[in-house]
Amino acid sequence: MSYTMWILLTASLVGINCGLVGTFLVLRKMSMLSDAISHSVLLGIVGAYMVSHHLQGVSMLVGALIVGLLTTFLVQWLHQKGVQNDAAIGVVFTCLFAIGVVLISLFADRVHLDVEHALMGEIAFVPWDVLEVGGKSIGPKAIWLLGFVLAINIFCIVFAYKEFKISSFDYEMAVTLGIPVVLIHYVLMGMLSLTTVASFDSVGAILVVAMLIVPSATAYLWTDRLSVMLICSALIGVLASMIGYMIATVFNVSISGAIAVSTGVIFFISLWIAPKHGLLRKWLKKSPA
Amino acid sequence: MNRMDINVQWVFTSTALLGLASGMIGTFALLKKQSLIGDAMAHAALPGICIAFLLYGQKSLLLFLIGATCSGYIATICIQFIVKHTRVKEDAAIGIVLSVFFGLGIVLLTWINQHEGGNQSGIHDFLFGKAASLTGSDVNVLTVTAVTVIIMILIFFKEFKIITFDRAFAQGIGIPVSLLNGVLMFLIVSVVVIGLQAVGVVLMSALLITPALAARYWTEKLEWMTLLAGGFGALSGVAGAYISLIAYAPTGPLVIIFATVLFIFSFLFAPKRGLCSKMIRRHIERKKLQSQQLMYKRGEQL
């Protein structure tokens, strides 16, 4: 496979992963938690490095999972203790991110991880960082990592589809039906942390937020069915990656930034032309025919 | 006095003033439940700064301030538009605007890197902040802006108080609510922008939220809360800058960590609303209740 194909495949896998998880975030009105986790995951990666002394896939996933769940737990706990939700999110993730940045700057000479890389990603280098088994290259590491996380995400969603659906749309009903809502919440946050860290290394923290929220919010404008919304947001994520990559190569700018911008453009277009919830249709309806 | 000392003085003055202004204005952002809008605006300022740089060709804090204010203001309008006209909720709208604007900023930043030569180090500091890189004219702009913001808060204090706590009442007595909301937004954007260079895009929102939240634990009065938040902000600014000077670590994160320590302390030990004092009070009440019940029981037995 060519260099371009690997990059497109990576970006598409990020798009699909984020689209699936992001759908539930948008429906549960927890979009800003993704912003929080995408920042605090940095601490998880630094922590994993300090414990294991290398930046390999598994230890990074574990570190991110721990810090991601810690972030969720702290936000929840502060909220229970009377701190309003937006402020709780704001305090927790900025503090964890700050600790991460300080740790990086203290170990800067030894860690191959600068904060800029973490924020902007280095998707352009993905194809060169290949996984070798028995001396034979079997494709970029990032692809395997993203594929692995995708398998987990699909498994969780298919396995507990009904539970996810009910608890996202009608929390009280889910509680009454005896669905373990707290467990579902933490499973979703676990999925979010894994998705974030797997995407993080190749596309950076900000793009993860764009990929999680924007395609899902766009899909939310197009459809009223959860299953359609899941597929739609994954497809929009892939489409945005393709367009973004093309823009980035033409103008020679940051790939992850261009992908974020193209998700925004797709959202903006959908805002007007979406069949049921688009603005054009609403205005046409209002004006007497 | 040699140059080093003057530079150190600049850093302390500017971080202290910045902390003071952001703590005070953050109080209103917090009470209006708009903490995360500050986060969105800090991210949205980046494309504005880049465009100002592209138009002017070199670093100038005043122009960056104007550019960032424009893009920050456009971002708030976008958020309000999405919330008002579509079924997308506020949290998602903030997330969309934040990430797309920041993505655009990154695109412009890489564009500048390639086309304007290596002379972008000034912009670069905006991502994570580097208080030590402040120059004399930067400090002037920062000082003037911070002082203006503080004076504006003092002038409009009563109006801001009313629109924060009772919007309908404010409208009823003829206060121009949407105009004042705009002023408040503008003040928040200005503080965010001058803070970018000292503490960086990502952590600027924390300087709005954390000191205000810490102050919330000590008092029920807005006047005291604003003052305390300003004090906490200034203290964190100075302490963070000091630690960063002796430890050679980035200023922004240290300022935020110090502010968070203040918050945790307030959260646990504030006299009335703190966690510990709540627990102690509950313990005392329970003891009281138990002894009362015991007395009732004895009364019945008699």
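Note: Cβ is positioned from N, Cα and C throughout, glycine not excepted.
Pulled from TrEMBL:
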- B:12-31: transmembrane segment (TRANSMEM)
- B:62-83: transmembrane segment (TRANSMEM)
- B:92-112: transmembrane segment (TRANSMEM)
- B:139-157: transmembrane segment (TRANSMEM)
- B:169-188: transmembrane segment (TRANSMEM)
- B:194-215: transmembrane segment (TRANSMEM)
- B:227-248: transmembrane segment (TRANSMEM)
- B:254-271: transmembrane segment (TRANSMEM)
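Against the transmembrane segment (B:194-215), stretch B:254-271 has more CB pairs under 8 A than any other of B:62-83, B:227-248, B:254-271. It is B:227-248 that, among the stretches B:62-83, B:92-112, B:139-157, B:169-188, B:227-248, forms the most Cβ pairs under 8 Å with the transmembrane segment (B:12-31).
Only pairs six or more apart in sequence are counted, and the transmembrane segment (B:92-112) with the transmembrane segment (B:139-157) gives fewer than three Cβ pairs under 8 Å, not enough to call it a contact.
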